[in-house]
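What TrEMBL records for this protein:
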type     : residues                                  : note
DOMAIN   : 1-138                                     : domain 'Nucleoside diphosphate kinase-like'
BINDING  : LYS9, PHE57, ARG85, THR91, ARG102, ASN112 : ATP binding site
MOD_RES  : THR91                                     : phosphothreonine
ACT_SITE : HIS115                                    : active site, pros-phosphohistidine intermediate
MOD_RES  : SER122                                    : phosphoserine
Amino acid sequence: MERTFLMVKPDGVSRQLIGEIVSRFEKKGFRLAGAKLMQISDELAKKHYAEHKERPFFNDLVAFITSGPVFAMVWEGENIIATARQMMGKTNPAEAAPGTIRGDYGVIVSKNIIHGSDSPESAKREISLFFREDELISYSRPADASIY
Ligand code: YYY
Ligand code: MG
């Protein structure tokens, strides 16, 4: 089963959206494999966003993601990496469709509520940056028989 890394960013935590966001993925039929509220260090933030280190917004991005607690999660399900990106909506909430998380709750690009891995390679990399293998649980639910 495919896994992805999702994270409610400090704005989403502050906006009291953890439950709403967890609920969307849960109702969709995806299964939570691990989760924790955490304060990201400067070092972890720079590793997580390493692909953006030459971009003009990099320092602000690192400052923002370390500005308060985040809710880090690993979710699993068929085709979850691409589907979760669709459920999040476009990076800029101004362009994100209504019905998506960013479209419904965000206004500006630098405060766009949620992070989600964009490919199998980044999912693998990000999951291992944020979680130890023994923090992730494989299990099945009775509902899975009705989802698959
Ligand atoms: O993967 P995703 O979060 O949708 O977008 P990325 O292009 O990876 O950018 C990461 C992060 O950087 C984005 O969620 C907000 C922030 N950002 C920004 O502040 N200003 C931009 N012009 C582009 C991205
Ligand atoms: Mg990205």
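Using N, Cα and C of the backbone, Cβ positions are placed for all residues, glycine too.
Here the features listed in TrEMBL are painted onto the structure.
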{"residue": "LYS9", "record": "ATP binding site", "Cβ contacts under 8 Å, 6 or more apart": "PHE64, ILE65, VAL70, LYS111, ASN112, ILE113, ILE114, HIS115"}
{"residue": "PHE57", "record": "ATP binding site", "Cβ contacts under 8 Å, 6 or more apart": "SER110"}
{"residue": "ARG85", "record": "ATP binding site", "Cβ contacts under 8 Å, 6 or more apart": "GLY116, ASP118"}
{"residue": "THR91", "record": "ATP binding site", "Cβ contacts under 8 Å, 6 or more apart": "ARG102, VAL109, ASN112"}
{"residue": "SER122", "record": "phosphoserine", "Cβ contacts under 8 Å, 6 or more apart": "PHE5"}
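Look at the domain 'Nucleoside diphosphate kinase-like' (1-138): DSSP puts its residues at 62 helix, 26 strand, 50 coil. Cβ neighbour count for HIS115 (active site, pros-phosphohistidine intermediate) (all protein chains, 10 Å cutoff from its Cβ): 20. Taking every pair among LYS9, PHE57, ARG85, THR91, ARG102, ASN112, the residues listed as contacting ATP, the largest Cα to Cα separation comes to 21 Å. Mean pLDDT for the domain 'Nucleoside diphosphate kinase-like' (1-138) in the predicted structure: 98. For ligand 1, the neighbouring binding-site residues among LYS9, PHE57, THR91 are PHE57, THR91, by Cβ distance under 6 Å. Take the CB of ASN112 (ATP binding site) and look out to 10 A: across all protein chains shown you find 23 other CB atoms.
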